[in-house]
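Asks: If you scroll down you'll find the structure; I have some questions about it.
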Amino acid sequence: MKRDRLGRFLSPGSSRQCGASDGGGGVSRTRGRPSLSGGPRVDGATARRAWGPVGSCGDAGEDGADEAGAGRALAMGHCRLCHGKFSSRSLRSISERAPGASMERPSAEERVLVRDFQRLLGVAVRQDPTLSPFVCKSCHAQFYQCHSLLKSFLQRVNASPAGRRKPCAKVGAQPPTGAEEGACLVDLITSSPQCLHGLVGWVHGHAASCGALPHLQRTLSSEYCGVIQVVWGCDQGHDYTMDTSSSCKAFLLDSALAVKWPWDKETAPRLPQHRGWNPGDAPQTSQGRGTGTPVGAETKTLPSTDVAQPPSDSDAVGPRSGFPPQPSLPLCRAPGQLGEKQLPSSTSDDRVKDEFSDLSEGDVLSEDENDKKQNAQSSDESFEPYPERKVSGKKSESKEAKKSEEPRIRKKPGPKPGWKKKLRCEREELPTIYKCPYQGCTAVYRGADGMKKHIKEHHEEVRERPCPHPGCNKVFMIDRYLQRHVKLIHTEVRNYICDECGQTFKQRKHLLVHQMRHSGAKPLQCEVCGFQCRQRASLKYHMTKHKAETELDFACDQCGRRFEKAHNLNVHMSMVHPLTQTQDKALPLEAEPPPGPPSPSVTTEGQAVKPEPT
């Protein structure tokens, strides 16, 4: 006997007859062992995994033509899910029964990967000849493991432990059929505020355009992953599928959207146009979360309604079911028309549910919100219904906390506030005195800058600076004194203006004294009699009146007024008694006393006479 590349026995006429390849494949599964019936047995699974039709000898798979000849089977293939390359022994067909299913008695409830994949994920598997019709053993086992787990979870998540169905007491009892299972699960149908809100919204939108009264038409069975759906509609053909388990379907939608299914634009023109609208036609367009009516699902139709039945398996896996899921709520449609009103999108379903539940559970939610506000900063992993709002609140709280902590932790660089006062106190306690180093100069300064300026002006740059204006014979030894003289005497620049009367002044101190007249302020006051004045010169002149006459050595011989200094007496005589002073100068020289020793009471050069003390 000859063997092929995989070690399978070939019949003597396999190289010439095309039909013998299947038989040889069947023998290879037994590896030459005789069957129980005594003859060669053809393996059903191997026949179903044939790489082409029975009558086509030269049909090659995706990997190319057969190298060994036209009669040999293709050795390699790709997995539809993981896209890996495997041998024919490691591949399973996507349209065969699940492992462990009975081959002699194929029941109606047997699992097929194409149908189960659409029921679990809501995405139909396209029967495209360009795509591989096989999956590997690993992907096949993982899929059905997840399928059984998710199906059990969906059936238990909204059911109480008391409402579960009791297991069959008899060992040989048959499991309930799909109709009986749907009837048992009718009691487990639960409704949420979101579900009722969507139904009420559809009823109101439907009443605006249609006069027929909607009513319950049928209940879809729980074969579709345990999700029970109720179809409402009117006699005009408008229908609405109420999803009683949106949370579970949202989980399925998220897992389905994780794989980015490309939109096939070529299949859009191939959609049938003559068929009426039915929620079972296209699972992706009839449901709000992209999980449509299962293929072959059993329905319970009320006797007063006339609704089209869901399509067969061949229709479900056709081009119509190849579109990606659409994340939108059910639409109100009529035959040949678009939806009249679209309900809120799935992104706002959770918010609508929360707002709707707040109306009935206000007290409980208020306590929960208070607890959340108190423990907002305790855990970052706690669930919040509005994560986008909570993130912004956490950011603002963290910024405020940082701002409050910054002045306590951070220290500004440089000296601390109040360092100038400390220096002043130290200077007052131990004053530094700078004395002029030049001999005969008694100038004293508290700062080094003042001493340097004094030495420069009075000792180093000492020279005569005459006034440049003609007719002015004044001479200054310091330059800044000369500039001040020129500004005040020889120029008419008045930069200081009174705001009250508009009078102008050359110096700022003159303006300040003038403004005291408008305000009436007299900051200077005599300590003896309380006399008030504005200028220091006025106060000094006033204080001379309070001195005793004995302290004033110089007296006027005309009016008897006394002065402290001889210069003040001369000024008084020249301004008050000018005639008497000129008459004294006009006396003839012969009137002068004869030469002799000068008396102590007479002075030369017209000096004032100082009387002797009596």
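Cβ atoms are placed via backbone N, Cα and C, with glycine included.
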Asks: Which of these ranges is annotated zinc finger in Swiss-Prot: 194-217, 242-265, 554-577?
Replies: 554-577
Asks: According to Swiss-Prot, which listed range is zinc finger: 41-63, 110-132, 317-339, 524-546?
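Replies: Checking Swiss-Prot against the ranges 41-63, 110-132, 317-339, 524-546, the zinc finger one is 524-546.
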Asks: Using the CB centroid of Cys79, Cys82, Cys136, Cys139 as the Zn(2+) site centre, which other residues of the same chain sit with their CB within 8 A?
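Replies: Here the nearby residues are Arg80, Leu81, His83, Gly84, Phe86, Val135, Lys137, Ser138, His140.
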Asks: Could you pull out which residues elsewhere in the chain have a CB under 8 Å from any CB of the zinc finger (434-458), counting only those six or more residues past its ends?
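Replies: Residues packing against the zinc finger (434-458) from afar: 427, 477-480.
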Asks: Suppose you look only at the zinc finger (434-458); what would the mean pLDDT be?
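Replies: Here the mean pLDDT over the zinc finger (434-458) amounts to 89.
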